[in-house]
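Following: one structure in structure tokens, then a few remarks.
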Amino acid sequence: MNNWKHNHVLDLSTFSLEDYKTVLELTTRFKDVHKSSSKKLPALHGRLIANLFFEPSTRTRTSFELAAKRLSADVQNFSVSSSSLSKGETPLDTILTYISMGADILVIRHESTNVPAELANYVDINNINTSILNAGDGFHSHPSQGLLDLFTLATFFNPNEPSTNSLLNKKITIVGDILHSRVARSNLWALTACGAEVTLCGPPSLLPEEFIDFVQNPRLGQNFDPINKRGSVFIKRSLKDALKNSDAVMTLRLQKERMKQNMLKDLDSYYAQYGITHESLKWCEKKVPVLHPGPVNRGVEISNRLVEDNSINLISKQVENGIPTRMALLYLLGLNKKD
């Protein structure tokens, strides 16, 4: 793992193809540990990992906690409801308290974009030996989700040896609230870097023309590797057109808490036009897996029947793979810590 250069994990835009390979290889190894009878390794024994979630979370926070414990780390979970924030303390002062307590890794989720990046900058400027791991900031980035989705798809396409090449030339369609989705952005970086062709689909209000600026980022898609032309991104408005010849489909939750008024006509109309169902999947012209990062709104972005059809959806696999993926990230960051 000597090629790992990151002191923080903030955004997958900074990842090289070698970084993705490293994470996938480690995740494969840690998945075996996670499934073993002992379930634990002493890799991060004595390290302190603090989970600071300033935004509600169930799956991600629990997944990070289990991942840290599987590596034998000491874990502290921050709760907004029982914190000094209610007494007027700022989030920065709360975070600095954990740094003063000797936290080796801070796992941070915040509703505002770039909070983890600003904290990482503060840590670096002040030469503090603490790593920052972004667990989701606004609708900017969610790197661990992008990586676990990458691993889930790589494992589906190549169960015996999941790798970055498992995604090469695969057609992945992402449907839904792209505008407000940090998951979509992280998946775009990961999937295109590994050579996938990604199609985005959603109503104009949730996939506006301005998003094309993100898609045309000079480091995204085929521009990431101009020699091998790895990856590409397309935008389509018609669900039927978007699903045609897809190898996998990811549907996203409508983030109503982030939406402005009148961004959607109504939920029934949205479901009729963009809902993923057994019937709409026929447009793929073959049996394909369906992913959803959760939480799921049944009957809005995905049918109730499809949520319960484990022969098609990989939702439980995504949750399962979240633990070894986050073990890999914590392990890599923990390796850089000085005693």
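Note that the numbers count up from 1, one per residue, in the order the chain is shown.
Cβ atoms here come from the backbone N, Cα and C positions, even for glycine.
Quick look at what Swiss-Prot lists:
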- Arg59, Thr60, Arg109, His142, Gln145, Gly294, Pro295: carbamoyl phosphate binding site (BINDING)
- Lys87, Arg182, Arg253: L-aspartate binding site (BINDING)
Max pairwise CA distance, angstrom, over record-listed carbamoyl phosphate binders Arg59, Thr60, Arg109, His142, Gln145, Gly294, Pro295: 16
Euclidean distance between Cα atoms of Arg182 (L-aspartate binding site) and Arg109 (carbamoyl phosphate binding site), Å: 12
Tertiary neighbours of Arg59 (carbamoyl phosphate binding site) (same chain, Cβ under 8 Å, six or more apart): Gly294, Pro295, Val319, Gly322
C-alpha spacing of Gln145 (carbamoyl phosphate binding site) relative to Arg253 (L-aspartate binding site), in angstrom: 14
Carbamoyl phosphate site, defined by Arg59, Thr60, Arg109, His142, Gln145, Gly294, Pro295: further same-chain residues with Cβ within 8 Å of the Cβ centre: Ser57, Ala135, Gly136, Val183, Pro293
Packing count at Pro295 (carbamoyl phosphate binding site) (other Cβ atoms within 10 Å of its Cβ): 10
Site with most surrounding Cβ atoms, counting all protein chains shown within 10 Å, from the binding-site residues Thr60, Gln145: Gln145
Cβ atoms near Arg253 (L-aspartate binding site) (within 10 Å, other residues, all chains): 19
